[in-house]
């Protein structure tokens, strides 16, 4: 085929730029001075003050805004994870375009004056889906993730062969802004403790990035974690937060790195939320006090998080300790820059500490992004899930004697419908049981389209149902996010074992992989004019779709969606989607970027039960806890001050 000359020329120009950069900046260097216990940048002692930001959790159009605010706080570096599954959703097809344009993000950071500490994994944790590992790895049922397992190593080799050559020109010594690169992530917390795996990764990084690149590891503040996570040739750093004794923590790092700089690679400014938690909060005074203590000691510090952002789409992770706990949509993290990228009290407290140690850039802090309370939108019912299967799965079902998992069906995220028939009459309530805890993660059960209830991983393993022989039994299964930490990250989804009805094992399944995101991105249900012009329909229990339209008013502002009275599921606005679950909380509103608000089509998939009023609300502030947030109180259906005077009541089309 004909060469793509624009692409070729761009590559040549980029190569020339960095080659010239090496000549012009021939003295550029970044290394570790073991004798004087510090980093050396261009031959001079260097201490970084960094903050974590995840480009995958921030809309691309806001990358520059967030980076500038970090720079104006006094940071001289940022720390960046690279989520493998975000870039390689399909095996062998890595994507670095649009919101995945990592090099553009690095360019913006460089342009802003920020150095970069790169954390490319392959595993990142980050409360991200499967810790950043792609779910297609689980097609190999016996694969041992994060180990020297042959199948896993081959996939890692291929991924790093695509990623790391892109990163090499961005190394500081090559004229870029990457000063150091992490190998794996908190490996000492993983059960495998496979040093051969870590040696292989070290070899890959050296092969692609060169012998002079500063490579490091990061592990938790225990001897076990530091022992399994560290390796000769990789500089050992440590993680800890405000509740740890700084001297004791760095003393532990010294046991594994007797000489070199003190480094806290994850100094926790806040914490994550799970559905059902209270909203996390860490006192700004504690953060600033411990930060000052570390800076006085000469330590280099990365604050995790500095701006958390949002778990858009299906990218939230989950934890599995005593039970499965899914991470909420917001990744606000009680960070110095909140979910919407606005400076907080904590940011200014941190800034006051930093300016005692280095010059703060002149000029004012960029202001918060404008917000707007667009008001109320009346939704109307499109139809029950069971009546829309042909639309949502036009290719039809796959038949199987026993249930197949999401991974076996190669549908890694979202929802699948499992349909069978009742094998006999059930005149009395009969238990439908998941005896091996095989619902991953939530299953919504309907008989002949009538909602019966739900099964939930670890917490609700049985419900009673009634019906007649031959009735259709629909089990809609929701993937709530794969485990991102610990030994259970090989987290298969769907019905991962048989269901038992009374004494019968249910068999002969029709399995529908639902392409909900695809059909909505193509305009459904708003393009279905016949359905949209039907008279208003009442809400009903069980899975169903609802739609409405937010009319433009000439303003493009960030806003916050509140679904008062709705129970649980997902919304879509112009093809972007997030989870809501106000009944369990703590999160009560969903951040909607200004870039998602035109042409303002709204679709809601409610899984359990919609409210009678069928309203959704757009506010000008977040509510991230049941009892309120730093931004204002939670006053029920609608806080009166949340509506702008010009906001209007909007009806569906």
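Glycine is no exception: its Cβ is also placed from the backbone N, Cα and C atoms.
Positions annotated as active site, proton donor by TrEMBL: 186. Annotated active site, nucleophile per TrEMBL: 266, in sequence order. Residues annotated as compositional bias 'Basic and acidic residues' in TrEMBL: 528-539. Annotated domain 'Glycoside hydrolase 35 catalytic' per TrEMBL: 39-356, in sequence order. Annotation source TrEMBL lists domain 'Beta-galactosidase 1-like first all-beta' at 403-515. Feature annotation from TrEMBL assigns domain 'Beta-galactosidase galactose-binding' to 543-599. Annotation comment: TrEMBL describes 527-547 as region 'Disordered'. Here TrEMBL flags 1-21 as signal peptide.
Summarised as a single figure, the pLDDT of the domain 'Beta-galactosidase galactose-binding' (543-599) averages 90. DSSP states for the domain 'Beta-galactosidase galactose-binding' (543-599), grouped as helix (H, G, I), strand (E, B) and coil, give 3 helix, 25 strand, 29 coil. The Cβ of residue 266 (active site, nucleophile) has 52, 218, 239, 240, 302, 304 as same-chain neighbours under 8 Å, each 6 or more residues away in sequence.
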